[in-house]
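Below is one structure; the comments refer to it alone.
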Amino acid sequence: MDNPECSRPEACSVLESVSAAVAGKPLCCPNHEGKVMEFYCESCETAMCLDCTEGEHREHVTVPLRDVVEQHKAALKTQLDAIHSRWGLDALIGEISRQLNDRKIEAIAEITSTFEELEKALHQRKSALITDLESICSAKQKVLQAQLSSLLQGKEHIQSSCSFTEQALSHGSATEVLLVQKQMSERVTALARHDFPERPHQNAHLDCQVETEGLRRSIQNLGFLLTTAAVAHTSVATGEGLRHAATGQHHTVTVTTKDKDGELVRTGNAVLKAEITSVDGSRAADTEITDNKNGTYEVGYTLRSEGEYSFALLLYGQPIRGSPFRLRAVKPSDVPQSPDDVKRRVKSPSGTGGHIRQKAVRRPSSMYSTTKKKENPIEDELIYRVGSRGRERGEFTNLQGISASSNGRVVVADSNNQCIQVFSNDGQFKMRFGVRGRSPGQLRLLGRLMGPKGVAVDKNGHIITVDNKACCVFIFQSNGKLVTKFGGRGTSDRQFAGPHFVAVNNKNEIIVTDFHNHSVKVYSADGEFLFKFGSHGEGNGQFNAPTGVAVDSNGNIIVADWGNSRIQVFDSTGSFLSYINTSADPLYGPQGLALTSDGHVAVADSGNHCFKVYRYLQ
């Protein structure tokens with residue numbers, strides 16, 4: 001039976017090429033008869049012959065085919081391994097199902113045992129109450145019976161004496177009355193003087209009170225079930241401590257648990273395990289895990305020796321996304337303090353392939369955040385990303401500044417390509433302009449500025465420019481005339497160490513990121529220092545070289561944290577509020593950021609040669 005695929009000539013050609021490759025035969029060029037395809041065009045991702053490299057691909061980067069074969073084979077093997085790993089998924093799911101059923105049976109046994117013990121305790125208490133009741137009642141009855149017996153005995157004596165006296169008075173002769181008068185008088189007098197109790201010696205009070213309302217409430221709330229929907233493959237870890245550590249120093253990593261749909265799990269109690277091992281597989285450090293009871297966990301550790309380690313984070317025995325992580329420890333003295341050194345230390349991430357050029361890669365609507373209240377961390381907020389490494393439209397090489405206009409445009413400064421590119425709010429390419437030079441339309445440095453970086457415009461139309469090299473902030477009129485400048489190199493409140501970007505809030509206050517001083521500083525419209533916030537570190541509200549900055553309509557300050565590859569949100573006073581969660585598609589060395597006209601955050605992801613737009617909930 002004929003293969004329907006072979007009815008198309010191009011399909012036959014592909015099949016023949018694959019068959020030849022499998023057989024180890026040289027592949028012939030489909031465009032140049034008899035020519036062997038010995039080269040590979042990285043731009044077009046296709047094999048070609050020598051004539052092709054000198055023809056339609058002459059402007060492209062081509063390399064010998066043999067140089068990329070192993071690379072592509074390795075990539076395919078990785079994909080195959082990923083598929084093969086799914087074959088065991090049914091067994092894994094079956095095992096989890098069995099474990100879940102075992103835990104149910106164990107929990108039922110625990111519940112039954114607990115409540116049987118409680119029933120036993122209730123019966124014991126019931127018996128004790130009845131025993132005490134019998135004892136109290138018996139004691140009271142004993143007192144009352146003794147009193148009653150004494151009264152009856154006295155009553156008999158009185159009745160006997162009275163009866164004898166009455167008989168003598170009624171029927172006795174005068175002589176008999178006189179004979180018994182003295183005896184009877186003494187007896188009656190004695191009876192009259194006898195002390196008979198006139199009041200009861202006990203009472204009939206015997207009640208039983210059992211307060212059950214509180215106990216009933218306690219029973220209704222007795223026991224609780226611990227569970228979570230968290231699964232490993234969607235849960236993520238963040239923090240510099242995942243990859244780098246200084247020996248002798250305590251580091252922490254934040255694990256954020258998510259369910260199968262990637263939604264944040266907001267309860268704790270997940271079974272999380274952390275293991276740091278040396279290359280020989282031995283345990284290298286103790287780890288402590290803190291359950292924040294909100295779906296996030298802090299994993300702390302301290303490494304004593306330099307070297308390469310494997311950092312595994314296991315949720316219910318399964319590795320979370322990216323685990324195990326490759327962790328490198330160096331002496332504190334070897335940790336670079338300059339962000340330029342940090343950039344060399346952390347290599348640029350690979351894997352930019354698969355992004356559609358000149359178009360936004362939009363995430364499905366199901367991934368959008370639906371909550372109105374910002375949490376820490378909040379749901380995955382990535383809406384789309386645009387770009388990959390290159391020099392064409394929609395491609396970047398070390399993009400830096402980014403701005404957004406009121407008419408729905410996103411403007412990106414592409415540093416190494418020395419041009420400006422403009423996109424719509426939904427990521428569609430619109431235009432590009434500028435090349436480096438001194439002619440009109442070419443970008444060059446202004447005369448009075450040594451190294452301009454960030455720029456902003458205030459309500460008065462003044463242009464505020466950060467001079468990175470001079471460590472100063474310049475304020476110009478709209479016609480370019482200098483109004484004032486402030487700053488200088490140093491660590492004081494009015495000085496900077498490599499200031500990067502600037503924003504202006506609704507009070508016309510100037511907000512500057514101080515890159516090497518790891519802080520954000522706020523000044524009045526005329527340059528008077530107001531306050532600053534931030535310090536060097538990985539914690540909430542700390543920075544490792546802050547870069548981009550923007551201010552929302554409520555005065556909240558959004559800051560790109562370059563060295564920690566994250567975006568933090570602060571209130572107008574500099575108090576930490578939350579992160580914009582970028583874990584689904586991590587940032588690498590974010591630079592400028594801006595708020596788009598439709599209320600999202602656009603950030604220049606310089607290390608990944610793209611810009612990304614995140615949903616921002618004010």
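A Cβ is built for glycine as well, from the same backbone N, Cα and C atoms used for every other residue.
TrEMBL annotations: computationally assigned, not manually curated.
Record features (TrEMBL):
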- 24-65: domain 'B box-type' (DOMAIN)
- 331-372: region 'Disordered' (REGION)
- 227-329: repeat 'Filamin' (REPEAT)
- 385-426: repeat 'NHL' (REPEAT)
- 430-479: repeat 'NHL' (REPEAT)
- 483-526: repeat 'NHL' (REPEAT)
- 530-573: repeat 'NHL' (REPEAT)
- 574-617: repeat 'NHL' (REPEAT)
Stretch among 227-329, 483-526, 530-573, 574-617 sharing the most Cβ pairs under 8 Å with the repeat 'NHL' (385-426): 574-617
Long-range neighbours of the repeat 'NHL' (483-526), counting only residues six or more past its ends (CB under 8 A): 338-339, 401, 453-460, 462, 464-468, 470-477, 532-537, 542-551, 553, 555, 557, 559-560, 562, 570, 572, 574, 591-592
Reported mean pLDDT - the domain 'B box-type' (24-65): 81
